[in-house]
């Protein structure tokens, strides 16, 4: 009974068949969803290897447990104790291979409109062959000549690509805020409860934002130190207040009647989160108090013990890369692509108020299924693609660069290790602080855009 399923899995790995699980009790899966899941799995695998390469603990364990470790490294031309396979340079090379993999498929899948062609079949199948290709790209990166020049150039390319990845996510956050307000506002016409829901959520969002300002004012400022924290907390809090007043001002309401406080509430919460994250990433300040050196402007509940640091680092790493993969996947839905003008719908979409309006915005289910002993697969792209294949790979290409810069602590890479991922550095601080201002600027531009280009926004 399991023989047909085994052959199906073999076809998934070596052929163009869609990927599915052998277990028939698993819920049916769309072909488009399964494909994106497999690419995300590849992405996560390489990311995990990069984390391992940045860990001195793993390096020490390899030295202790692998016989003739140094001799093996010399035969592999990996340097003494495999120095070229660990550290920031190894992460740069691994991410270079992964970036080349996704960039190749970005070019290869240009202008694919449905899943029936040869190129679409390669995109949706042949997973074993693509795994070998990915491994070959990452391995080949270690043989690049003129290593110092390569690392220097690739570092700046990574910074630009990682920055662009952040900008795309901020654009989609602004689009999400507008869509949330538009979707729930459309329900007010036939049910006044949607108005109550809008008011409640808006109140909660602003309460969280104000609470975050108070929290950071208490724990991340000091009367005699942390001047930057005081300045930026005041600036970001004032900017959030300004955009909130701007969103409900009469001249904005005239051009955008559905503009309200929900959108600035979402933006304010996110800006406060980035501000908190920036303060947490800033190098610790030491102040002499009563003849003793004390660390100020840090959260007081952190005991500072080694075990606590390991737990916090592990949880922070998992959350960080879960957010990266989520961002990569959500950036490539049809609606997100349309917001970035990558994918255009032929017909305008009508809004229907729903609590979970982000779910189910792709194509409706197709009745064609693969039946058998395994999991059913819905072939939902026979008539047209659900998402832009090329843009999907481009986002993962940028995500590879963002992972590379994040794991190596951006420009403070020399003595960095994964155990210090959540320790402070100025490059991470300024990256997150600038992200706050970019997010606010993008939102303000969406408010004043109808004033600047009125013809484009006419109904």
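All residue numbers here begin at 1 and follow the chain in the order shown.
Using N, Cα and C of the backbone, Cβ positions are placed for all residues, glycine too.
If you look up TrEMBL, you'll see 1-19 marked as signal peptide.
Per TrEMBL, transmembrane segment is recorded for 37-55 (among others).
According to TrEMBL, the feature transmembrane segment maps to 90-113 (among others). With a threshold of 8 Å between CB atoms, the same-chain residues lying at least 6 positions outside the transmembrane segment (90-113) that come near it are 42-43, 46, 49-50, 53-54, 84, 119-120, 122-123, 133-134, 136-142, 144, 151, 154-155, 158, 161, 384-385, 389-394, 396-397, 400-401, 403-404, 407-408.
Residues annotated as transmembrane segment in TrEMBL: 125-144 (among others).
What TrEMBL records for 156-174 (among others) is transmembrane segment.
Nonlocal intrachain contacts for the transmembrane segment (194-219), taken as residues 6+ away from its ends with a CB within less than 8 angstroms of a stretch CB, comprise 181, 184-185, 187-188, 229, 233, 237, 240, 244, 260-262, 265-266, 268-269, 271-273, 275-276, 279, 297-300, 353. Feature annotation from TrEMBL assigns transmembrane segment to 194-219 (among others).
Away from its own ends, the transmembrane segment (231-248) comes close to residues 206, 209, 213, 216-217, 220-221, 259-261, 263-265, 267-268, 271-272, 275, 278-279, 433, 436-437, 440, 443-444, 447 of its chain (Cβ-Cβ under 8 Å, at least six residues beyond either end). Annotation comment: TrEMBL describes 231-248 (among others) as transmembrane segment.
According to TrEMBL, the feature transmembrane segment maps to 260-279 (among others).
Under the heading transmembrane segment, TrEMBL lists 311-329 (among others).
Summarising the annotation, TrEMBL assigns transmembrane segment to 391-412 (among others).
Residues annotated as transmembrane segment in TrEMBL: 432-453 (among others).
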